[in-house]
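Features as listed in TrEMBL:
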- 6-27: transmembrane segment (TRANSMEM)
- 163-216: domain 'PAS' (DOMAIN)
- 284-354: domain 'PAS' (DOMAIN)
- 430-655: domain 'Histidine kinase' (DOMAIN)
- 678-704: compositional bias 'Low complexity' (COMPBIAS)
- 712-827: domain 'Response regulatory' (DOMAIN)
- Asp762: 4-aspartylphosphate (MOD_RES)
Amino acid sequence: MSVTEALGWVALGASLPTAALVAVWLHDRRWRPEQRRRAAAEAALRDGSPHPRLIVDRNGVVLAANAAARARWAGDTPLNELRRRVPRDDEEGRESLARLRTASEAPLREVADVPLAPDGAGAPEWLRVAVGPAPAPAPAGSVLWEAEDVTARRAIDDVLRRERDDLSDFLYFLPVGTYSADIDGHIRFVNQRFAEWLEWQPGDLAGRSVADLLHEGPGPESDGTWRGVVVYRDRDGQPLPCFVAQDVFDDGGETLTRTAVLRLDDVTPRALAAPGERRRPSGSDAPFRRLFDRAPTALAVLDQAGTLEAANAAFTQLVRLGQGDLTDRPLADLVDGDDREMLEALLSRMALAGDGAGQPGVATVDVRLAEAGERVCSLSIAGLAFDADAAEPGVRGFLVHAVDTTEQKNLEMQFAQAQKMQAMGQLAGGVAHDFNNLLTAMIGFCDLLLQRHGAGDPSFADIMQIKQNANRAANLVRQLLAFSRRQPLLPKLMNATDGLSELSHLLRRLLGEQVTLSMVHGRELGLVRVDPGQFDQVIINLAVNARDAMPGGGTLTIRTGVVDVPVARRRGVEEVPPGRYVEIVVADTGTGIRAEHLGRIFEPFFSTKIGVTGAGTGLGLSTVYGIVRQTEGFIFVESEPGEGATFTIWLPRHDPETGRSQVQGAVDRGPVPPPDLPRAAAPLPLADPPAAADPAAPEPAAEAPDLAKGGTVLLVEDEDAVRVFATRALRNKGYTVLEARTGEGALDILREAPDIDLLITDMVMPGMDGATLARLVRVERPEIRVILISGYSEEAARGDLADSPDIEFLPKPFDLATLAARVKAAIARQPLDPST
């Protein structure tokens, strides 16, 4: 080889690393903007919507998608699904698809309901699709697609539309004349029968004034309830005497009147006769009688004394009595308890007073029915007037319209209870979050003091007392977070029987010698998905509560089994979806719970032990409620004074083979690790411990500073006390700490400081929150490890970052040792010890 050839090979060899670096630089230059675009799009999607939301760029490339969108489209785009599933012969659907496609290209805002053909073995769907410009900070020109399954809503709308059409037909062809008018007396609607009586077509009367149809004498008042005789005139000017009943209603903010008209020449004298002059019905009553009997609403006619004269089939079905049992029976006899006296008094007042002007009044009252279980109905009672020519105008009887409102009342109670518990949960969660910041500072500064005051120091015991009481306060905060459903959970699949068996020894020690513990386990329970420590906490809290209710001793029984709920059912104020549940029943033979306390038993700080020696915090049962509901379960209580109390817990059953929930509508979290049993010893009870309980054992002094490898930490925390403690603690451990109070300030530091190893950020901060900051850091500086700190649950804190294993989570309050261990492991890229 010549010298020239050798030099050529050397030059080529030297250029290879340079070419590789250039290639890496070019790839990085092209890739970084793409990462920034995707991060910006992901930030624009952080709204927690349960519906699919997806952002694509101008070329249709998916930039970001929330969990629902990923599950539905699996990396595809909504437009492709619509092209594939909108039926080709559905002109309306293809037109909607074309509008959405055109809007996405602009982009412009467009919303359409699109019919979708079955996908495989599925069923047809209706999808409400919205498309438009993506919000900031998504890249300019990107398109936001949103979708919502409205199949059920469309089905309900179809049913309501059919019912509305049926009702319109029913009114239109009634054998009784009806019309409605505005406040000025202009007709808005008139049915076929009334128009025929006047020898007009319905369309000819629309818009005309009611006054134009009167023959002589006054007509009904145009702005109020009115009953009496009116003489109309037909098309030829001939008089038509009618009995009229008119009332007022609100139609979307506009006041209208609706009027029912009976021709007096079609009504027998019995219809307007005094009670003593009534005759047997004649054949001319037949049309009215058929209408009355076949009406879909419950109707009844009473005499002046409130005795039933007639009732249609819907009314007999409502009260669950036959026609023979209703004849000549006072309406008040059908009503239960105290409502009976109230109804009798109301009918008496209406019979005597009317509306104060000789006209019968109208009243609405809610009553409980005596023969129909715990049914509630609303009675609309209208007085029936004598003939206008009668010597003593007044009430000759009543027309009763009854509506079953049991479901409505239950929903109102459920909604009110849910609102109350939600408000309490929000208050408790907010208080707990603020306390966690305070407790983090208290515990942390105690640890800093313990580094300078050893066990022989006179101040050591005082510092330990402060720290021990701060830890006890942290336990109370955890119970508040449990009630508000925001405490950190580590759910696993476990067998409830195994968990209870491991607890049995601890429970017997807690209950003492005077209380007998009996456990009865069902077979083939399956698995439940719970945090094992929180599961133990629930059982311990209920056991301690039962022990306190049996001061003279008794029996505590814990039973397990499986409950099948084939259809959605209501139990108390809770709506339980269908599925299979693992049932855990905790029953005692204690003093029981008074009825007025049952509705408040799960409220935080509510206690029936006020003034009792050893009374607890009032958080025991509220903690149970919060844990059970956060685990997607239900808890019910039944009790009578002196008969003990029974708490029943239903937890969604999970299939032992697949790990899937067997409850309809439950959140499908996918397969989880197999049961991790046996577990460590159960925790001590947090629920209402005796006041005389011994304080926790003294803790050893903090270890000497660990100056391992050091590193640079960026700490972002808006709470000054927490930030000062953490900064001092980490600097004592040999780390370089950079501080920021906001996410925006942290970004400025990141751009100026090249050598940052770890980001520690609080989740809740003014301005940019911790999750958004972490997401941007992953794009700008992917080599930096991240630790999120929060007083709420890890699941809630992580949000869309749940699939990021390189982001750690540290719950508040934490002490110096825990903080140091997490930081050391994160910087060293080591797996964490679960104990920390």
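Glycine is treated like the rest: Cβ placed from N, Cα and C.
Using a 10 Å Cβ-Cβ cutoff, Asp762 (4-aspartylphosphate) registers 24 neighbours. Take the domain 'PAS' (284-354) and the stretches 163-216, 430-655, 712-827: counting Cβ pairs under 8 Å, 163-216 has the most.
For the domain 'Response regulatory' (712-827), the number of residues in each DSSP class (helix H, G, I; strand E, B; coil) is 54 helix, 26 strand, 36 coil. Taken residue by residue, the domain 'PAS' (163-216) breaks down under DSSP into 24 helix, 15 strand, 15 coil. Within the model, the domain 'Response regulatory' (712-827) shows a mean pLDDT value of 85, rounded to a whole number.
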